[in-house]
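First up is the structure itself, then whatever we jot down about it.
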Amino acid sequence: MPAVGGISVGGGKAYPGSLTPFVTVTCIVAAMGGLIFGYDIGISGGVTSMDPFLLKFFPSVYRKKNSDNTKNEYCQYDSQTLTMFTSSLYLAALLSSLVASTVTRRFGRKLSMLFGGLLFLVGALINGFAQGVWMLIVGRILLGFGIGFANQSVPLYLSEMAPYKYRGALNIGFQLSITIGILVANVLNYFFAKIKGGWGWRLSLGGAMVPALIITIGSLVLPDTPNSMIERGDREKARAQLQRIRGVSDVDEEFNDLVEASESSSQVEHPWRNLLQRKYRPHLTMAVLIPFFQQLTGINVIMFYAPVLFNSIGFKSDAALMSAVITGVVNVVATCVSIYGVDKWGRRALFLEGGVQMIICQAVVAAAIGAKFGIDGNPGELPKWYAVVVVLFICIYVAAFAWSWGPLGWLVPSEIFPLEIRSAAQSINVSVNMFFTFVIAQVFLTMLCHMKFGLFIFFAFFVVVMTFFIFFFLPETKGIPIEEMGQVWRAHPFWSRFVEHEDHGNGVEMGKGAIKM
């Protein structure tokens, strides 16, 4: 790794254990919690490009889209009510993630997953049977509550269950589920849009019940993490669980570290206030800036509105939905690349390579759209080679995100937080993510209308900034046990000034106790 921001960890603990079939199956089931998030991301853009849906709920947008007088392709979907349909979910997810922190900490990760699945299930039912815009919004809010709980608990669950050597690959299973959800949604949109009678959008929205049932049933059969059992005072079962998931009987060192971490964590009465302490400055910074930058890559512009976007830049409805399917396939395949390489090449290498690749692609797409659509948004006839170029570079951009900022934006925050602030910090991470997802979803179509092709330059600027941020400020965290993560901050040339006077040995001073990192 580069010297700046990199870290070579030596002398750290190496807990015994291996990747057991039990842990593998458990993490696969838990990771399916990402399906609800992915399905919703994929389904909303496709539904909002279907004429029967627009005619029933957003007739003004339908008239503008189908009017022969509309020459400016950039602005045909510009409607705050339409974007509220998409973005209201993420505002609800922001609020519920704060509540989920308390549930996750006091009652365990499984209960948060269960709440997430049930709330999402009810929201899907309401949306599938919606008769008015108000029902759509209520359904979206309930979907958002479900996503807030799931996104808060699933990454933590995966990081705590996985052996540290395989934590990256197993945690990225969550992102893989998100991408599979997006792909399935895009494929369903393509076929449901062809149903005669124009009611296919109901199947698209109501189909969210399937991933909701998967996470609901999964949460009932999954075992608790040893960390969660210890937090709730059930140490004997926690030891037996740790032996089972590690596949060895000698788990004393890891178990004792978990117990010590839990005892120190229990002394913390105000974990939210604790986040503001100087020694947690690097953790809080990452909890805020990583999800902030993840949304400012512009990826949700593509994933939310892929059919709308392709339609707006000149593709017909069928072609727009198929282009979204293509980007969905790329998303899934590229996420598998990250699963293969994250514990081999490291987090920083993927972050940096993905950033450079996204910058190049955004510049090319901006140039291609600007050359054909100009300022007035009237491209005339679009040749096939042009469509191929745009879709190709958007796919390369999606691939870059899918093996870098997509999975790592969830993985890195979930693995760097010490136990005493873990639930609160993860809630900050999810809340920031959902807030900026809400903002981008709400203003994107208006920004496209006013900024034209310059919108892609806008996002490219932030990709440049965040790539430099990773290079200088994010240490490498691969192969480090969660309880030992404090060493990466003490060895970092910038963050060491915040933690070096607080930390002693492998512990973090916490008044009456010390926590193993």
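Cβ coordinates are placed from backbone N, Cα and C, and glycine is handled just like the others.
Feature annotation from TrEMBL assigns domain 'Major facilitator superfamily (MFS) profile' to 26-478.
Within the same chain, residues 113, 116-117, 120, 143, 146-147, 150-151, 153-154, 157-158, 161-163, 165-166, 170, 173-185, 207-208, 211-212, 214-215, 218, 221-223, 244-247 sit at least 6 positions outside the transmembrane segment (19-39) and bring their C-beta atoms closer than 8 Å to a C-beta of that stretch. What TrEMBL records for 19-39 (among others) is transmembrane segment.
Per TrEMBL, the feature transmembrane segment maps to 82-104 (among others).
Per TrEMBL, transmembrane segment is recorded for 111-130 (among others).
Per TrEMBL, transmembrane segment is recorded for 136-158 (among others).
Annotated transmembrane segment per TrEMBL: 170-193 (among others), in sequence order. Listed as Cβ neighbours of the transmembrane segment (170-193) (distance under 8 Å, sequence separation of 6 or more from its ends, same chain) are residues 23-24, 27-28, 30-43, 46-47, 50, 154-155, 158-159, 161-162, 200-201, 203-204, 207, 211, 303, 306-307, 317-318, 321-322, 324-325, 327-329, 331-332, 335-336, 338-339, 342, 402, 406-407, 410-411, 414-415.
What TrEMBL records for 199-222 (among others) is transmembrane segment. Proximity of distant same-chain residues to the transmembrane segment (199-222), defined by a Cβ-Cβ separation under 8 Å and at least 6 residues beyond the stretch ends, is recorded for 26, 29-30, 32-33, 35-36, 38-40, 43, 46-47, 50, 52-53, 110-111, 113-114, 116-118, 120-121, 123-125, 127-130, 139, 143, 146, 150, 157, 181, 185, 188-189, 191-193.
Annotated transmembrane segment per TrEMBL: 284-308 (among others), in sequence order.
As annotated by TrEMBL, transmembrane segment applies to 320-342 (among others). Sequence-distant neighbours of the transmembrane segment (320-342) (same chain, 6+ residues past either end, Cβ-Cβ under 8 Å): 42, 45-46, 49, 168-169, 172-173, 175-176, 179-180, 182-183, 185-187, 189-190, 193, 302-303, 306-311, 349-350, 391, 394-395, 398-404, 406-408, 411, 478.
According to TrEMBL, the transmembrane segment annotation covers 349-373 (among others).
According to TrEMBL, the feature transmembrane segment maps to 385-406 (among others). Within the chain carrying the transmembrane segment (385-406), a Cβ under 8 angstroms from the stretch's Cβ atoms is held by residues 175, 178-179, 293-294, 297, 299, 302, 310, 313-315, 319, 323, 326-327, 330-335, 337-338, 341, 350-351, 353-355, 357-358, 361-362, 364-365, 368-369, 372, 466, all 6 or more beyond its ends.
Residues or ranges marked as transmembrane segment in TrEMBL: 427-447 (among others).
Annotation comment: TrEMBL describes 453-474 (among others) as transmembrane segment.
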Do the transmembrane segment (349-373) and the transmembrane segment (82-104) share at least 3 Cβ pairs under 8 Å, sequence separation 6 or more?
no
Residue numbers, six or more beyond the limits of the transmembrane segment (136-158), whose CB comes under 8 Å of its CB atoms:
27, 30-31, 33-34, 36-37, 40, 57, 84-86, 88-97, 99-101, 103-104, 109-110, 112-113, 115-127, 130, 167, 170-171, 173-174, 205, 208, 212, 215, 222, 225, 410-411, 413-414, 422-423, 426-427, 430, 433-434
Taking every residue in the domain 'Major facilitator superfamily (MFS) profile' (26-478), what is their average pLDDT?
85
